[in-house]
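Asks: Taken from Swiss-Prot, the feature topological domain 'Cytoplasmic' applies to 1-37. Per Swiss-Prot, the feature transmembrane segment maps to 38-58. Feature annotation from Swiss-Prot assigns topological domain 'Lumenal' to 59-452. The domain 'Peptidase A1' feature in Swiss-Prot is assigned to 139-446; the stated evidence is sequence analysis. The annotation active site is assigned in Swiss-Prot to 157, 337 on the grounds of sequence analysis. Under the heading disulfide bond, Swiss-Prot lists 170-175, 372-408.
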């Protein structure tokens, strides 16, 4: 008897199909996960490359850094300190903006069109900027004191000769926002205690002498300095300034306590070979400068250095014949000063010089303005027996506004020291790389490189 057997494979086929589908799904999931990982890697590398490109553009194209100066600082056999510059132009513009004097100055500009200011009473005496605001320039650099290297921002000043810092014992208002020297935290501190007072054009500070290790760049040496405990006589300049103390780079005869200036003391202790320091102020960066101690870095200038003998070991001053347009002063005393932002001249001389030059004195402001392309402005000449130094208008003019016509501040201001005494400040030192030589009692000049 034949048997009829039927086998139902439908469930097997269904299971097999399910298995196949499951396997395909798993494979698809694995492929998707792999693709996902690669996509994440793609995004990562894309962001990395884009970020690197963006950084390159920022660092090298849009806001390029001066890598040349870093190379010079790293390879020089001398000590080079980079410092920041706060100049009078910045302070004046801040005051002008605070008191909304822009329109006031704009009206004064109409002198060039009408010979009269349209609104002579737009300003008032309360809006004034003091002469110190115009004359002073501050070079801020860092140094440390103590074996624990307490950091301070210093002004490098060729017009004084002592080093001072605010003391932890100072309770006056100006010290509240400053870095204070604490002798208790330094194991190398030596007590002196002699009380002193120092007088500056901007006021006075007082304190006492101390001795500790001072570190400038990579040079450390024991040095006698002043701990300042009272800054009230130095206000508001001290509170408003971005500095803690001052490093004097003048002559010993200027110092209180007959202390050798820092650079001379470095040579006394065989830390440097020459008692020499130099200033280089780049023409293309008004807020940076470089102080070299112990020698001359020839990569900062071009041509030959020429030297002038000092006429007195008090300030860095020399005898020069001055030619300002049609005016001449023979054997004038010219003080080369890192703390002055302008060329200064006696008031009587300057009034004569400005006659007929279309230069306007702004009422209530110690500010002289003119058009930036004023063809009447002459090249200034400073002559010694063997050398001639010139200063073109581009160096003593600073653009402040543009009203369709460019308006510049004239960086030549009246300061009455003596009848024939002039100060060669920032404009002169920006054109001429300047050498201050204690050993030979000279100052040297060479054309500063406009760009390294």
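Quick reminder: no glycine exception, Cβ is built from N, Cα and C everywhere.
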Asks: Determine the mean pLDDT over the topological domain 'Lumenal' (59-452), rounding to the nearest whole number.
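Replies: Taking every residue of the topological domain 'Lumenal' (59-452) together, the mean pLDDT is 82.
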Asks: Of 337, 372, 408, which recorded positions are close to residue 157 (active site), meaning a Cα within 10 Å of its Cα?
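Replies: So the list is 337.
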Asks: Quick one: of 157, 337, which of the active-site residues has the smallest count of other CB atoms within 10 A?
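Replies: Taking 157, 337 as the active-site residues, the minimal 10 Å Cβ count falls on 157.
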Asks: Going by DSSP, give the three-state secondary structure for residue 408 (disulfide bond).
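Replies: SS state of residue 408 (disulfide bond) = strand.
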Asks: Distance between residue 372 (disulfide bond) and residue 175 (disulfide bond) at the Cα atoms, whole Å?
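Replies: Approximately 41 Å lies between the Cα of residue 372 (disulfide bond) and that of residue 175 (disulfide bond).
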Asks: Between 175, 372, 408, which of the disulfide-bonded residues has the fewest other CB atoms within 10 angstroms in the structure shown?
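Replies: Each of the disulfide-bonded residues 175, 372, 408 was scored; lowest Cβ tally within 10 Å is 372.
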Asks: Sort residue 372 (disulfide bond) into helix, strand or coil using the DSSP assignment.
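Replies: Assignment for residue 372 (disulfide bond) reads coil.
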